[in-house]
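Chemist: Per TrEMBL, the feature domain 'PAS' maps to 216-273, 344-414. What TrEMBL lists as domain 'PAC' is 290-343, 416-469. The domain 'Histidine kinase' annotation in TrEMBL covers 507-733. According to TrEMBL, the domain 'Response regulatory' annotation covers 754-863. Look at TrEMBL and you will find D803 tagged as 4-aspartylphosphate. Sequence annotations record features per position, and here TrEMBL assigns region 'Disordered' to 13-43.
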Amino acid sequence: MWIPRAVSDRTARDCSATSARSGSLGHGWFQKTRGRADGMSDGKQAATRQRILADFGEYALRSETLDEVLTEACRLVSEALGTKHAKILEIQQDGQSLLVRAGVGWAPDIVGKLRLEMRERSSETFSIKAGRPVITQDIHEEARFDVPAFLRDAGVVALANVPIFLPGGRTYGLLQVDATQPRAFGPDDSEFLRTYATILGPVIDRLHKVSRLRATEERFRLIVEAARDYAIFVTDAEDWITDWFPGAEIVFGWKAAEAVGQHSSTLFTPEDRAHHVDQDEIETARLHGVAPNVRWHIRKDGRRVFIDGTVIALRGRDGGLRGFLKIGQDVTERRAVEEQLRESETRQRALIEGLPQLVWRSADGGDWTWAGPQWSTYTGLSGEASLGRGWLDALHPDDRGAALKAWQEAGSDGVVRVDCRIRQADTGHYGWFQMRGMPVRNGGDEVVDWIGSCTDIDEQVRARDVLARSHEELEALVAARTTELMAAEESLRQAQKMEAVGQLTGGIAHDFNNMLQGVVGSVEMARRHVSEGRVAQAERYLDAAREATGRAAGLTRRLLAFARRQRLDPKPVDADGLVAGLADLIRRTMGPGVAVELQLRGGTGSVLCDANELESALLNLCINARDAMPEGGRLAIATTDVHVAATDIPDGDAKPGRYVAISVADAGTGMPPEVLARVFDPFFTTKPQGQGQGTGLGLSQVYGFVRQSGGLVRIESAPGRGTTVRLFLPLHDRMQAVEEAIAPPPARSGPHRTVLLVDDEAAARWPAADCLRELGYMVLEARDGAEALRVLAAATPDLLVTDVGLPNGMNGRQVAEAARERVPGLHVLFITGYAGTSLPPGVEVIGKPFELDTLARRVQALLKTGREGKERSPGA
């Protein structure tokens, strides 16, 4: 340790001036001094200091609070030395700082708060480490030590330190007196301080122990009072209750005032007291130091509680018995649960042992932890031998891998599933079993166990094998019957079609004959007028023949549409005109028993759809309505303009806006709600199919056509109130339809445009050829494919116009393909009287019968397209 060298001889003598009797209340500090600064005589000073020592001793014996004793010690030493300031500095746990623990004359922010670092150049550090007093007579002239700034700020002029030692020699801290007036501390002052500190050390040590004891007692009290789940109480050596804590009050119901002074046998049941169980318990604790206390006890209210506790003998230092500590916990509910659990386990064991299945328990991964007696009986493996993976020994070798895989995959859904073969010990036979395992989870959803069983399915597997063998035979039989059934259904559908066509035959034959009669009569009269030179009068007969031909063509289109042999061709259609034009055919189809009424809107709008499909749809609805009125009735067909809002279109396929509604209403039997909900399903019909009266496709085809046209279908029906079907088709602008219908007359062709016309029907080919020649085209004619190929070998046409249905093994499509091989890029226009002919998409087609002006415009359009392409190609 560093010691200042500037210590003068006088200072050294002051520092070492101690009494030989410093360890007692000696009078070494009564040495004679000359010229005392405080003006007090030696005798009076000695008496004062003797009194102060006595006062402090008496106070220290009375007080048990360390802070109060230290403060009083500072006050008395300040009085004894005639200073206004005194303090006690306590060494902190870090050993590097001092706390002003107590003091007099100091501001509140100093005592209990100020810490001083134990620096080597401080008088406090020197005094503590040297173990002797240090006196500074004048801090302004002090050169040995650094004086703390707070002493200078407080006006301290002189000071004296003395270390305080605890019993055993450990340094507690420092006693320091501070003078704010010039003061010469002498050897007697130093000796007094040493004596004072010698008394103070044991007092501090005693109060430390008292404080620790009180803290320990307080902790014990808090622990005991906080242990409310435990009944804790103390008895004397004769087992009379002396201390009763809150936990005991909660468990037994007696308050401390009621329990203290009672004998603890009061808590025992009458039967235990009759058998002296309470005395035996105390005797056991007396002999062995501890005794169990696990039995029923009695509460204040008379109820019984089961206590799981201990009795501990309390002995003093001399080994004498002082009493007993009794600690117990109320486990009544837990014991009841445990009892229920034992009963449940007993019942469960009896249930498991009575099951026909082979029962087991397992850990994760298939490591068995228990095997039921059924398993051992069947397999011959003991429960112990089956633990872990031992159970696999009873499985067929080919099934062990599948069983382990089932355990590996059990994590996906938490279930073990596998069918396997298990060997029977008595016969050696491997029987099929269904192994199933379910996880047992704790409150945190963690799998803690598995329980499962193996169920005998050997008979089911054998039956399944037999069934599988017969299944192939059944499949072959079903396939054959299915083929027959499909053929029968196809025949039925064809018959139903023919039956529907037959229903139309009468009316169609009548109408078609009338049209033919008009054609024959008109042509005959025109021929007569021409032969007689009356050409002008012949023209009206030719117009009548042309009109009758158009009506016949329209009737043919209706028939093809009804047979679904015509391509979908959406165009603007006048709904009123279409219904009116179809009225005669509908009336003839309905027969005399059904009155047909038309309620047409008379509007100016049109709908955009395929007219033939719309006619077919209306005809289907009318036939359905007729079948719903077997006794006859009234059929109303109406058209009207409506506005459909977005809220009226739940399915969202159509768009809100203006529509034309075409409704077909009958006065028939109607339909219940369950039938109404399915009327648009394919193949659903209310007609007796076994009698060939319905395919169930009519309404579904109507529904599909309307939805494809951007419209809606609504149906209303109720038993006894008839049925109304409404077709909503989007309104089409009439002016746009008119503009589309107006086409300019065909113009004459430029020179050198060649058309090859192929048609086996001369009556159809000659007028078409003459029409094209009149327009300036060079026309080459052919009757069939072979003749067309000969023409192509000698000429290069600009356009091929060919009938699709040609004789002699080569149809129009094949002719077109051969022509394009010879003339790449050749334009082709197909003509046909049968729309069902298979043609590739995108080809140009015109249907028979057609007007010659229509043919001329189509030819002119195709050749114009070709010419413009050729004119643009050089500049490309």
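A Cβ is built for glycine as well, from the same backbone N, Cα and C atoms used for every other residue.
Where the annotation comes from TrEMBL, it is an automatic prediction and has not been curated.
Keep in mind the model is a prediction, meaning the values are calculated, not measured.
Structural setting of the listed features?
Modeler: Per DSSP, the secondary structure of the domain 'PAS' (216-273) breaks down as 30 helix, 14 strand, 14 coil.
When averaged over the domain 'PAC' (290-343), pLDDT in the model lands at 92.
Here the domain 'PAS' (344-414) has, by DSSP, the following mix of helix, strand and coil residues: 45 helix, 11 strand, 15 coil.
Around D803 (4-aspartylphosphate), the same-chain residues six or more apart in sequence whose CB sits under 8 Å from its CB are V758, D759, D760, E761, A764, G812, F830, I831, T832, listed in sequence order.
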Chemist: Compare 290-343, 416-469, 754-863 by their Cβ pairs under 8 Å to the domain 'PAS' (216-273) and return the stretch that comes out on top.
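Modeler: Checked against 290-343, 416-469, 754-863; highest Cβ contact count belongs to 290-343.
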Chemist: Taking helix as H, G and I and strand as E and B in DSSP, count the residues of the domain 'PAC' (290-343) in helix, strand and coil.
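Modeler: Helix, strand and coil residues of the domain 'PAC' (290-343) number 12 helix, 31 strand, 11 coil.
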Chemist: May I have the DSSP-based helix, strand and coil counts for the residues of the domain 'Response regulatory' (754-863)?
Modeler: 46 helix, 25 strand, 39 coil
Chemist: Looking only at the domain 'PAC' (416-469), how are its residues distributed among DSSP helix, strand and coil?
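Modeler: Once the DSSP states are binned, the domain 'PAC' (416-469) shows 12 helix, 30 strand, 12 coil.
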